[in-house]
Amino acid sequence: MTMASTERVILGSIAFAIFWILAVFPAVPFMPIGRTAGSLLGANLIVIFRVLTPDEAYAAIDLPILGLLFGTMVVSIYLERADMFKYLGKLLAWKSRGAKDLLCRICLVSAISSAFFTNDTSCVVLTEFVLKIARQQNLPPHPFLLALASSANIGSSATPIGNPQNLVIAILSKITFGRFLFGIFPAMFVGVIVNAVLLLCMYWNVLSVQKDVENAEVELVLDEEVVSHRFAPATMSHVVDSLHSQDQFSGNEIMKDPNGVFDSSKNFNASREAANNHGSLQMRDKNVSLKIVDECEDQNFTSCEEKQFSEKWRRLLWKICVYLVTIGMLISLLMGLNMSWTAITAALALVVVDFKDARECLEKVSYSLLIFFCGMFITVDGFNRTGIPSAFWDFMEPYAKIDHAGGVAVLAVVILVLSNLASNVPTVLLLGVRVGASAAAISAASEKKAWLILAWVSTVAGNLSLLGSAANLIVCEQARRAQPSGYNLSFWTHLKFGVPSTIIVIAIGLTLLGD
């Protein structure tokens, strides 16, 4: 692609630069409007500057990606209501054999749940479970929080629904769910093990410290002890400023996520209020049981017992239906059915099975995330039209051929750096088609491998620093504001582990990706 006119290059670059600044630094003093509004501003400038026409801007929005993202959000909301993640939390504590066993469990559970329910979802729900279990055993929380966040990022690389950049890659590359899974799973599996080994090596002495109080078995975390969340995947309070000062919260969203997501949310107070609202939604079915008890006060004991028994089995049957619909969705995806419509169909099936007004559940969907993607699609497409990304790739392509190890290494470094500078989803949108086309000139197998390299590196790149992934920030924020005593996972604590882990895991994984 040739360079556009000088005017379009300059104006398109200005629009993209504004988008990038607000996406990476949403609390900039001169325009603290947040990432979602920043993406819309960038898209609007692309049209105003005539880099794209209005019709071209609308055409740039990828509806299959938005549909798949929406469907998986709704499914995750119903899974949370069906106590799926509560059971995962209890699994962490069940017959625990000490600190090292607990850390390995966290790595495994976090990776598996992230692969099928997104990395941010797993971190939102499991962070407080992990923190409470560590407190109960008198153990320092940071090794376990690092295990949760890093394993969630690695695990989410295995499937197209693990994080948003994988959604983009699956749609653009037309790689089926099954081929994507089997292509990356070996690298993901070994990566999780290597990550756990690195954690054990780095924190062996910390995890070997004798506890003040010996417990034969870790207590299970009670339902009432865990705060309910506004359960929209990739949604959380803004925390970047809180890494420096707990008092500097802004109303901006976290969207930068090389590992799994461009995220968006409201400010801290709004997020906490939304969490409380969702708590009432989560407890709705339990309140029905309490209401039955109250109504039974004036009736005989047998009638009351029958109603409670009926409600218990109704709730159990509903949970089974939710799990069956979710399993059916995963099987359909593995069979190669259209991913977007499969996810939307599963979401609507859960709405019907619930047999209640779906407004409360649908309000928990992160619509700001969907809006962010719309603005980002337009902005990135406009920047692509300037010719700058093509010129950059034309310069790098001779050194990034994946038919030899050196080329793979160069490509991986480019993706790693861009994913941490520009974030993962823009990196995928800017490089994806070019990387795929370059590899296709070698062979069809090389094209598939190039897409998998892009998915693997852009995802694991989120482990490099605390700011590299929304999942990392979610763990940090959830732990910081956990009650009764929070924990602050510092930037440097994460970086000390994140840099060696990211480099080693990416390097080993590249040798295991399927062709």
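A Cβ is built for glycine as well, from the same backbone N, Cα and C atoms used for every other residue.
TrEMBL lists 27-461 with the feature domain 'Citrate transporter-like'. Taken from TrEMBL, the feature transmembrane segment applies to 9-27, 59-79, 180-204, 320-353, 365-383, 404-422, 452-475, 495-513.
Counting residues 6+ beyond its ends, the transmembrane segment (320-353) has Cβ neighbours under 8 Å at 63-65, 67-68, 70-72, 74-75, 78-79, 81-82, 84, 116, 160-161, 167, 170-171, 176-178, 181, 361 in the same chain. Against the transmembrane segment (452-475), stretch 495-513 has more CB pairs under 8 A than any other of 9-27, 365-383, 495-513. Counted as Cβ pairs under 8 Å, contacts with the transmembrane segment (365-383) are highest for 59-79 among 9-27, 59-79, 180-204, 404-422, 495-513. Against the transmembrane segment (495-513), stretch 180-204 has more CB pairs under 8 A than any other of 9-27, 59-79, 180-204, 404-422. Tertiary neighbourhood of the transmembrane segment (404-422): same-chain residues 20, 24, 258, 396, 430-431, 435, 450, 453-454, 457-458, 461-462, 464-465, 468, 502, 506, 510, selected by CB-CB distance under 8 Å and a gap of 6+ residues from either end.
Per-residue pLDDT, averaged across the domain 'Citrate transporter-like' (27-461), gives 79.
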